[in-house]
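Annotated features, as they stand in TrEMBL:
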type     : residues : note
DOMAIN   : 23-363   : domain 'Ammonium transporter AmtB-like'
TRANSMEM : 20-39    : transmembrane segment
TRANSMEM : 46-67    : transmembrane segment
TRANSMEM : 79-97    : transmembrane segment
TRANSMEM : 104-123  : transmembrane segment
TRANSMEM : 135-152  : transmembrane segment
TRANSMEM : 172-194  : transmembrane segment
TRANSMEM : 206-225  : transmembrane segment
TRANSMEM : 260-278  : transmembrane segment
Amino acid sequence: PRRLQTHPSASVLPGFRHVHLQALLGFGLLVAFLGRYGPGSVATSILVVAFAIQWAVLIQGFLYFFLNGKIYVGAQSMVSADFCAAAVLISTGALLGRVNPAQMLLLTLLGVTLFSINEYILLSLMGISDSGGCLTVHTFGAYFGLVVSRILHQPRADKRKEQQDAGHQADVFAVLGTIYLWIFWPSFTSATAVRNNAEPWAVLNTYFSLAASTLAAFVLSPVLYEESTLRMVQIQDAALAGAAVMGMAGEMLVTPFGALIAGFLAGLIPPLGFRFLTPVLRSRLKIQDTCSVHNVHGLPGILGALLGTLLTALTTADAYGGRLELVFPLVAQGSRTATDQALCQLSALPVTLLLAGLGGCLTG
């Protein structure tokens, strides 16, 4: 299967722990900043993770790890399940405060199934490279949640400023969430990336991107807002966007300078989006986005997919050396040119958006 490269389970375990911690603690703390729903949203996150992992192991088992009538379970399948849980958690971020726990379970049931189908189409059938889940996790999760949110539109909820409803306790949660993000997200991006004796490109590029996106928040927020000090939630959002943009390009030859530029651009999206785009989504399109997943995951995910497509088109055997076979196996084998691979990477974006949109309609 294309989902994960085969290598000894021992080398997966540290990465698996980091991915699991990020899914459980990181995402839990990232939604805890909402003053109105804080503790309840963390509890909901744990419920979603607990159910999503079980269901994902089954669904993905049939798609990837099914042999001779049995599903083979190991560290690989748990990493896959955690990626799936992360996508569903991103979707729930758009719906917090308007969906009860029973509805969350139904959302998880359908979300995991659709995520697995989308991932199977992209990675196995189309043969694209998306090790950090730029399209499969961030883009799919965000737009799936947004479409469900549109269908569950509540006119009265517009009068409440849910996103502004945060106090001192909220900033404490945001600090912890951001620290977890910085510690564990590079492992999340590289958990399914190629493992050989070369440098871990995905980890390094994600760190550069996180650093640049955090700086972008400090540069832009004082320009957009009159507050003299930055809210911790704004730094958290920018860091998340910087992590999301490296999902596809992380293990490609993006270079440190390229990762810094991409991270800086991604870090500009949440403050700009929150100021100019979110009010339009709420008033014109009737989309209530509680945790601003469109600015933090959706748009950076699309930017990351476009960056990955560009880097794929510029791929040469000389630049990648022996690593080409691990990052782009079909190009290395000669069954595709770099241009063909880039077109596949690009066409994966509308496929993901279509599946997220249709699936969101059905779920909503």
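Glycine is treated like the rest: Cβ placed from N, Cα and C.
Here the transmembrane segment (172-194) lies next to the transmembrane segment (79-97) in space: the count of CB pairs under 8 Å, restricted to residues six or more apart, reaches at least 3. Long-range Cβ contacts of the transmembrane segment (135-152) within its own chain (Cβ-Cβ under 8 Å, at least 6 residues beyond either end) map to 83, 86-95, 98-99, 107, 111, 114-115, 118-119, 122-123, 128, 244, 247-248, 285-289, 293-294, 296-298, 300-302, 304-305, 348-349, 352-353, 355-357, 359-361, 363-364.
A Cβ distance under 8 Å defines the sequence-distant neighbours of the transmembrane segment (46-67), meaning residues of its chain 6+ beyond its ends; these are 1, 3-4, 23-24, 27-28, 73, 76-78, 80-82, 84-85, 88-89, 92, 101, 104-105, 108-109, 111-113, 115-116, 119-120, 124. If you average pLDDT over the domain 'Ammonium transporter AmtB-like' (23-363) in this model, you get 84.
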